[in-house]
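Right, one structure below, let's go through it.
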Amino acid sequence: MPTLATALLDALKDHGAKEIFGIPGDFVLPFFKVIEESGSLPYFTLSHEPAVGFAADAASRYRGGIGVAVVTYGAGAFNLVNSIAGAYAERSPVVVIAGAPGARERTSGYLLHHQVRTVDTQLAVFKEVTCAQAVLNDPATAPAEIARVLRSSLELSLPVYIEFPRDMVDAKVEPVEKLPQRAADPGACAECSEEILDRIAKAKSPVVVVDVEIRRYGVEKQVAALARKLGLPVVTTFMGRGLLEGDDDVVAGTYMGAAGDPGLSALVEESDLVLMFGVILSDTNFALSTNMTDPRRTVLATGREVQIGHHVYRDLPLADLIAGLDAHATAHPPRPRNAGQGMVYPRKLVADSGAIAPSDIATAINDLFDKHGKMPMTADIGDCLFTAMEIDNTALAAPGYYAGMGFGVPAGVGVAATGLRPLILVGDGAFQMTGWELGNCKRYGLDPIVVLFNNCSWEMLRVFQPESKFNDLDDWHFADIAPSIGGHGVRVTTRAELAAALDAAVARRGQFSLIEVMLPRGATSHTLARFVKGFKAARERMK
Ligand SMILES: Cc1ncc(Cc2c([C@H](C)O)sc(CCOP(=O)(O)OP(=O)(O)O)c2C)c(N)n1
Ligand SMILES: [Mg+2]
């Protein structure tokens, strides 16, 4: 019989985990010992638990399976809460494994170190940011409990919580039996598919809008093939930026309402049927829109439900729906699009001695990708994320909805741990929070490229409240610090220096490259400028 620790590790692998991120502590040391000595899964320790969660989240997004975060009880687990909250909001299936006191400690009569209100406060807090929880305190039930929560994580594409008391690590248990995922009722799926196809046939200008769930449920290619078969144009949401990379024949660009390309916004807002596959109906996706929640013109397939008009099909997984639509659909030639209903991305940066503007960074990266091939990207919150909208459609992991800062660099370290080489976009404010995790790259031989937008400012706050002095940050000279934490750093102030630094970074392997781009306070990307203008107009309309 396996021990509970090895049965859990085998189950994680069985459910698609490929690596573990974590920070040990005394309540999880015995489990970490098994992680290290079993060699069952590669593991990466980082410096601060928020980064553990961001790295596991981003690795899960790029792998399309579960991410794993292992932390100690109390101080470690509570540090992790915000990044798991972000994973919940962004539908990332991260498995939290948190150490906990053993049975005898719980009844010792003492207040335990790391304990808060009660010994179970940690479980209570994680119930709010995970879809399923298990406490492994009984060898007889632990395997089934593990199977239950891991299936929930995959079916709902949401984080789950496993509490692992430290006196249970060597308990003998049965192996974990993986549970089959629950499919849709075939009749409901057929009826729903035919109803949608009937609406498409009657529509004059149907359009498909896609978002993160088509990646989480592994149906990107199937959605692109269905759009081609039905002759439908596809746009991604802000959160869904980077989806369907390479399917440029169907993807017109990213819908951003009043902040986006006017021709592309018209494609969605003037459509008489908007098919939303895997879309999170959030304010960041649609706050600058006017009619995206009108049930008469929308079909919304998300969270294992399909809403058509004013009625809902329940427990209908997205993958089953896409397969049903494909099975019932007959081919249709591409519907005509008006001129200009597609994004044009800036290229051919004038690499001169001129000062750099944020949108120049997008142009320089487009040129870099044309020269060396696209790179997977991560981005933090700030103008770097709006600038990313001006980079040709490339795989991207960013907190587009939850909008929590600190994601970009640890997420990039997580993506690098999966074996990819990411390009990380981050502002100086967000870098101050978690950028130092780059110091963990050296021992794992990771070499991400980091483009740091240094405007010495919380610029995204300044655009909404320019009168506030607290948005002024000091210049931390980040590039100078890079060598002391194992990387290469360069500060650039002209477009020519930027282009050269990007080329040099691509050629430099074996250590992270930090390109600190100096930007004037008050300068924003074209996209953020449009977003602010659209946001203010939308706020006026609501008065
Ligand atoms: C964890 C956290 N804290 C605070 C915020 C609020 C906030 C923003 C959003 C609105 O909530 S944007 C922003 C400033 C970002 O500064 P920087 O990284 O330098 O990027 P840029 O200068 O491009 O703005 C803050 C503080 C946040 N989103 N997440
Ligand atoms: Mg800034």
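Placement of Cβ uses the backbone N, Cα and C atoms for every residue, glycine included.
No curator has checked TrEMBL annotations; they are predicted automatically.
These figures come from a predicted structure and were not determined experimentally.
Annotated features, as they stand in TrEMBL:
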type    : residues       : note
DOMAIN  : 3-113          : domain 'Thiamine pyrophosphate enzyme N-terminal TPP-binding'
DOMAIN  : 194-318        : domain 'Thiamine pyrophosphate enzyme central'
DOMAIN  : 382-517        : domain 'Thiamine pyrophosphate enzyme TPP-binding'
BINDING : Asp428, Asn455 : Mg(2+) binding site
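Along the domain 'Thiamine pyrophosphate enzyme N-terminal TPP-binding' (3-113), the predicted structure has mean pLDDT 97. Mapped onto three states, the DSSP output places Asn455 (Mg(2+) binding site) in coil.
Just so you know, the Cβ of Asp428 (Mg(2+) binding site) picks up 26 other Cβ atoms within 10 Å once every protein chain is counted. Other Cβ atoms within 10 Å of the Cβ of Asn455 (Mg(2+) binding site) number 24 in total over all chains. Sorting the domain 'Thiamine pyrophosphate enzyme N-terminal TPP-binding' (3-113) by DSSP state (H, G, I as helix; E, B as strand; all else coil) yields 55 helix, 20 strand, 36 coil. With DSSP classes pooled into helix, strand and coil, the tally for the domain 'Thiamine pyrophosphate enzyme central' (194-318) is 40 helix, 29 strand, 56 coil.
The DSSP breakdown of the domain 'Thiamine pyrophosphate enzyme TPP-binding' (382-517), given as helix, strand and coil counts, is 61 helix, 26 strand, 49 coil.
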